[in-house]
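Contents: one structure, followed by commentary.
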Amino acid sequence: MEHSAALVPATLPYYVAFSQLLGLTVVAVTGAWLGLYRGGIAWESALQFNVHPLCMVIGMIFLQGDALLVYRVFRKEAKRTTKVLHGLLHVVAFIIALVGLVAVFDYHKKKGYADLYSLHSWCGILVFVLYFVQWLVGFSFFLFPGASFSLRSRYRPQHIFFGATIFLLSVGTALLGLKEALLFKLGTKYSMFEPEGLLVNVLGLLLICFGVVVLYILAQADWKRPSQAEEQALSMDFKTLTEGDSPSPQ
């Protein structure tokens, strides 16, 4: 029974592979857009702004999505190892996103542009702050050794919910940013099927597809990481302490 529970669901690897193909395509199309129509990327020039969309797509979309999938992909490894990988991916995503935020604020300062007036910027700051808070709370509950097993068990559903919600908000914020970038540059030409507009529209659809596939993988109850022996023992010990039941062999 334990052997069959540990088996990888037949279709899960295909969905995970498809999600990675979509994610890498999103990053590649973002780079192509910035290279073909926005002049490329540089820090000490007018191209500094372009660091922002690339970093946000890599960090807040691709790497955040991969961090959420860690528990579906690494099904047989020790729970602590998987937790550390999950947390590290989020840290790398956060650092890359922070570089993207610094780039856009520094660019605005150099150009004398206003900050934080658009819906995209409001959503972006909200998502970034929520992402940081989610990581801090997750670290405190699941990686920091002082948190009790009962506290982790009660918080886990909220952690999963907010993780998926922040990821969904990240995709929505990216879509708002793409539309804003097109309207600023193309203006009324956007309605004339300009090549740049068409490419960015395709990028937006790819972002949506990546988000949907990641959330679909997370939503499948049968694809959740099976509990390892040590996790089941902890669960039974906790049940014994709280309900007075005696652990029985499985």
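Every residue gets a Cβ built from N, Cα and C, even glycine.
Mean pLDDT across the domain 'Cytochrome b561' (18-219) comes to 95 in this model. Taken from TrEMBL, the feature domain 'Cytochrome b561' applies to 18-219.
The feature transmembrane segment is assigned by TrEMBL to 12-36 (among others).
Look at TrEMBL and you will find 56-74 (among others) tagged as transmembrane segment.
Residues or ranges marked as transmembrane segment in TrEMBL: 86-105 (among others).
Sequence annotations record features per position, and here TrEMBL assigns transmembrane segment to 125-147 (among others).
The transmembrane segment annotation in TrEMBL covers 159-178 (among others). A Cβ distance under 8 Å defines the sequence-distant neighbours of the transmembrane segment (159-178), meaning residues of its chain 6+ beyond its ends; these are 53, 56-57, 60-61, 64-65, 68, 118-120, 123-124, 126-127, 130-131, 134, 137-138, 141-142, 200, 203-204, 207-208, 210-211, 214-215, 218.
If one looks beyond the transmembrane segment (198-219) by at least 6 residues along the same chain, the residues whose Cβ comes under 8 Å of a Cβ in the stretch are 12, 15-16, 18-19, 22-23, 25-26, 29-30, 32-33, 36-37, 57, 61-62, 65, 68-69, 72, 160, 164, 167-168, 171, 174-175, 178-179, 181-182. What TrEMBL records for 198-219 (among others) is transmembrane segment.
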